[in-house]
Amino acid sequence: MLEKCPIIALDFSDLASVTTFLEHFPKEELLFVKIGMELYYSEGPSIIRYIKSLGHRIFLDLKLHDIPNTVRSSMSVLAKLGIDMTNVHAAGGVEMMKAAREGLGKGPILLAVTQLTSTSQEQMQVDQHINLSVVDSVCHYAQKAQEAGLDGVVASAQEGMQIKKQTNEHFICLTPGIRPPQTNQLDDQKRTMTPEQARIVGADYIVVGRPITKAENPYQAYLEIKEEWNRIK
């Protein structure tokens, strides 16, 4: 498994913004970064090549969700980019997730997105017509992802402990929606935890965006979050 360091969400719209942000970090500080839809759709595969040229690891967060054959073919293309981690939507079903695994191969970590951290209990039941608790829905998706041969899931840290109980010991739980203790603004995230809390309940990786990218001193903010994350072994 890759080193369990905090993953920085590069939620920017273009390469210029990314390079400006990365200038805050010493060149010897090798990072694990998340490239999402906005940046990837803006810059294309060239952003992957640029980030890899700097020695950083990449979580390509595109959340694929389509028919199995399309997902298989798409993953085979992404595998050639040299990414370290990527994902699909668990709602696509076991066959789609199996196809994603086949297309990606055995190198990069493949995760399934369960319920977004912006989704509340009420939204899930009303909009998705899922009459379960959030934790039961997330754990159901986690079990299906494991059945499909995926490496883990993306889920709120609030469900981390239950995921660990209902899957095998090597099954990864990556948690977004991480906020330092001093952060009061939750933005659009509804199910959040601090880095230390997430580690305690079983998170293997955390994704942190605005608390680092919007900080006055991004490198210092990153170091503080990394220190808190590593406080628990």
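Glycine is no exception: its Cβ is also placed from the backbone N, Cα and C atoms.
What Swiss-Prot says about this protein:
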BINDING   Asp11, Lys34, 61-70, Thr117, Arg179, Gln189, 209-210  substrate binding site
ACT_SITE  Lys63  active site, proton donor
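Thr117 (substrate binding site) falls outside any helix or strand according to DSSP and counts as coil. A sphere of 10 angstroms centred on the C-beta of His65 (substrate binding site) encloses 17 other C-beta atoms. Cβ neighbour count for Asp11 (substrate binding site) (all protein chains, 10 Å cutoff from its Cβ): 18. Within 10 Å of the C-beta of Lys63 (active site, proton donor) we count 19 further C-beta atoms, all protein chains included. Gly209 (substrate binding site) is surrounded by 20 other CB atoms, counting those within 10 A of its CB over all protein chains shown. It is Pro68, among the binding-site residues Pro68, Thr117, whose Cβ has the fewest other Cβ atoms within 10 Å in the structure shown. Across the structure, Gly209 (substrate binding site) and Lys63 (active site, proton donor) place their CA atoms 17 angstrom apart.
When the Cα atoms are compared, Thr117 (substrate binding site) and the residue listed as 'active site, proton donor' turn out to be 14 Å apart. Under 8 Å, Cβ to Cβ, and six or more positions away along its own chain, Leu62 (substrate binding site) finds Gly36, Met37, Tyr40, Leu78, Thr86, Asn87. Cα-Cα distance from the residue listed as 'active site, proton donor' to Asp11 (substrate binding site): 15 Å (rounded to the nearest whole number).
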